[in-house]
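Inspection log for the structure reproduced underneath, given as structure tokens.
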């Protein structure tokens, strides 16, 4: 596997059990927190005269200009996945309704339009886990608790390595239980339990490696919060941190599993193959930072490239334009890396082509999901309006922030 040294091995592996992630605590934080299920109130800003109109770059250019395909198992898998996660975390009716609208299964469906129902369900459940897990570090109780963050990651790593106790559906640690079921499933074939060939040890090592990159990014993010350095970093330092904490690396490898892609070591270890993963992670996070800009302002989220560039003296429109340039540069970096890749041979190249398709679908699915589900807008209709007009309306009193 491609590896990098974060310089924080001791921090990532040690720590006493500082936090009990109980169902009651999860439910309480979902009701009061600022995560993906929290819907900011837009209704008080209906007058266009009170808005600053920001023009977005064309986010559907280059690799994103292709039509998306939806997995045929989407409808049936969505119903089961939504019901299951709500049951596991003992969610109330309001949260369950919001979760249906967030629609993690749609996201998984665009990521892997040809995978089995079992693989699609696993991908949808991974999305549910990732957002619940991430919210703890992003705006939740671990966002400024470095020791607590390191400890929670250590407990989750034990699950991945098979050294943790078995959790149950009625466990006091529902997020850990969900992750344990995912580890169980990913060790199997994407066709289902005891169906087809189980995942190789080589693939599972890659799956663990991708999650380690994610967790190292989360620790770096929390450390930045604790040190109060959100707006003192340069764009490159921000990208280096966010491309890990975004969670795109494990999501991408999870989609490799959904398609039965097991990259040979000579492919997986090639620097340009990893560079393509980095590039697409950058594209996803930069697009996300534009579309989430208003929501991040409302919720006080500092981890946003537009906000970072504004802190450096740019106007909001100038900052958005600059992020648009960065996104287009991602495509140039992608094609440059692609042109320099060697040929590995028929079987390895077939796996590589599958990997490249997964990367493209991941970026496209993330983009479409943000518009379709109204994730960052007051409704799906508002998301459709933003996509059509490329106009993002920000209350003037907020635009000055």
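In case you wondered, yes, glycine gets a Cβ from its N, Cα and C as well.
Annotation source Swiss-Prot lists Mg(2+) 1 binding site at 134, 139. Sequence annotations record features per position, and here Swiss-Prot assigns Mg(2+) 2 binding site to 139 based on similarity to another entry. According to Swiss-Prot, the substrate binding site annotation covers 242, 295, 375, 376. What Swiss-Prot records for 288, 292, 296 is Mg(2+) 3 binding site, and it gives similarity to another entry as the kind of evidence. Marked as region 'Disordered' by Swiss-Prot: 1-21. According to Swiss-Prot, the feature motif 'DDXXD motif' maps to 134-138, an assignment based on a curator's inference.
Shown here: features listed in Swiss-Prot, placed on the structure.
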residue	record	contacts (Cβ under 8 Å, 6+ apart)
242	substrate binding site	217, 221, 285, 303, 305
288	Mg(2+) 3 binding site	246, 366, 370
292	Mg(2+) 3 binding site	301, 304, 370, 376
296	Mg(2+) 3 binding site	289, 302, 303, 304, 307
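Looking just at the motif 'DDXXD motif' (134-138), the mean pLDDT is 92. When the Cα atoms are compared, residue 375 (substrate binding site) and residue 139 (Mg(2+) 1 binding site) turn out to be 16 Å apart. DSSP assigns residue 242 (substrate binding site) to a helix. Summary of the Mg(2+) 3 site environment: with the site residues 288, 292, 296 set aside, the chain residues having Cβ atoms within 8 Å of the Cβ mean position are 289, 290, 291, 293, 295, 301, 304, 376. The full span of the recorded substrate binding residues, 242, 295, 375, 376, taken as their largest Cα to Cα distance, is 20 Å.
All protein chains included, residue 134 (Mg(2+) 1 binding site) registers 20 other Cβ atoms within 10 Å of its own Cβ. DSSP classifies residue 375 (substrate binding site) as coil under the three-state reduction.
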